[in-house]
Amino acid sequence: MSGLSPIQDSSGAVCEKETVVEEVLSGSTSSSGIDVPQQIETVGSPTYPPLAKTILVALALYIAVFLVSLDRLIVATATPKITDHFHSIADIGWYGSSYMLAASASQLTYGRIYTFYPIKWVFLLSIFIFEVGSAICGAAPSSFILILGRAIAGLGTAGIYSGAVIIIALTVPLRLRPVFQGAVGAIIGISSVLGPILGGVFTTEVSWRWCFYINLPLGGLAVIAIFFLLDVPPPEKGDWSLREKFNQLDPIGNLLMAPAVTCLLLALQWGGTTYNWSNWRIIFLFVMFGTLFSIFAFAEYRLGEKAMVPPRIFKQRSVLAGIVFTMCTSASTMVMLYYLPIWFQAIKNVDAEKSGIMNLPLVLAMVVGSIGSGSLVSLLGYYNPFMFAGVIFMSIGAGLLSTFQPDTDHPKWIGYQVIFGFGLGLGVQQANVAVQTCLDPVDIPVGASLLMFSQQLNGAVFLAVAQNLFTNFLTANLDDIEGIYATWVIASGATTIRKLVPPAKLPVVLKAYSDAIMKTFVLALAMSCLALFPTLAMEWKNVKRVAKGIENGDDASGSSDSKRQPSETC
């Protein structure tokens, strides 16, 4: 039976096939033309593990997601100590970009791997890769080895993120998935704040190496729980040869997409910092990205159902709207999570740990919104209203945050964060719920990977855009102040302004610095507002009604057509 649309067999294995299957697919092509693993003929409604077992599996997934989310930010606080240890200040950018590069470049590949290979073992392998990378980072004898470890950890991260969403789709009834998906959003939010705090504690009290070693025992706990508790039937691969299995992973697409993403992220990483935007290296990287991506798009179109991302998935309206929604909200979120701490550190003169604590209103509001919206979607059935409300709250919150001045006091910076964070929580996981509602189970891995890829890549792109906005406006503002050189202020960092600038000129410099950060918040406001359009384009589907159709062996619309093709739920 299919590992992604398992069906109840004589042993009572977990199943989630939305319709009655009337034909046996021996590694051949389905009625929609898609190559899928073999499925067996059976009749019956889907069954899931007992709720207690599902909760334990979910807790293990949350631990894994927490670790990889934490790992994105915890290294930022430890970077000064790492550079002191290795005398490697020139490598600062690579400690984060190597991780991001590996995760983004491999994200879509995991969608195919999860489609055609055993989900449980792919997920465990992803955790193992992440753990190996963390161990290498913790024990690194040189800066180069640390960067290598970060890249390896990034490869595992991509599989953990998408795998967690896929496993939830296979083990949790559709009507309850919004609750479990909402918890994923809450976990990511909590880790975003705890990252800098824990990084500061480990670096100050123990060693920067424990920022990576902490992943080993907690990751091991997740592996043990998944190994013994998760029971997902593996896909039947029939008589496929190793070559046929490998071809299902779209090697051509991988050979084109991975270097394309690498070129784009390197251009964004180096542009405006290491090299000017007009430098031939940056131009060359952008040209290579455009060329490789164009060839990739053409190759995917020609490959059809064998492509890394089958074109028919993009034709599904809710999937396309979900991708655009995710791109907009991830851009807004990353800008806020990155520049709010900088504002606190530079303008309010606090350290990284304190700035993390001052970010708690945003994250706690996000947790409340994420869990609350997940519960209400399960109760009411519709996710669209929460996406719409989330965009409205995010836009209002971002607009208010963009009014900060150096003398803005705590009632405002707390309240404005709460508004933005609550809106983010309302909508953050709804695109995932929509994709799982509208796609056939066999397509969920690709859909989940597409959303994660959009989130990671667009977040990186708009961080680069925000950085250039900030740098350009700060330079323009400081050029008007006699005796202050913009290059010195920018190079010194947010926490050393008061040491560099004479006290008499400090207020005007802080005003210039704050105004430049506000330009990045305006960018977040614009992206939050743009998220309204994909929200309005999203189809209205009732999760409870679709779930009831699944349980009755019908399609989402209540049809008894037993040969509903993939991706035609919506």
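Yeah, the Cβs are placed from backbone N, Cα and C, and that goes for glycine too.
Per TrEMBL, transmembrane segment is recorded for 55-75, 121-145, 151-172, 179-198, 210-230, 251-270, 282-299, 319-340, 360-379, 386-404, 516-538. The feature domain 'Major facilitator superfamily (MFS) profile' is assigned by TrEMBL to 57-543.
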Looking at the domain 'Major facilitator superfamily (MFS) profile' (57-543) alone, can you tell me the average pLDDT?
86
Stretch in 179-198, 319-340, 360-379, 386-404 most in contact with the transmembrane segment (151-172), if contact is a CB pair under 8 A:
179-198
Taking residues 6+ outside the transmembrane segment (386-404), which of them lie with a CB under 8 Å of any CB in it?
325, 329, 332, 336, 340, 343, 347, 369, 373, 376-377, 412-413, 415-428, 430-431, 514, 517-518, 521-522, 524-525, 528-529, 531-532, 535-536, 538
Per the 3+ Cβ pairs under 8 Å rule, pairs at least 6 apart in sequence, do the transmembrane segment (121-145) and the transmembrane segment (282-299) touch?
no
Same chain, outside the transmembrane segment (210-230) by at least 6, Cβ under 8 Å from its Cβ: which residues?
53, 56-57, 59-61, 63-64, 66-67, 71, 74-75, 77-78, 120, 123-124, 127-128, 130-131, 134-135, 137-138, 149, 167, 171, 198-199, 202-203
For the transmembrane segment (282-299), sequence-distant contacts whose Cβ falls under 8 Å of one of its Cβ atoms, 6 or more beyond its ends:
252-253, 256-257, 259-261, 263-264, 266-267, 270-271, 275-276, 307
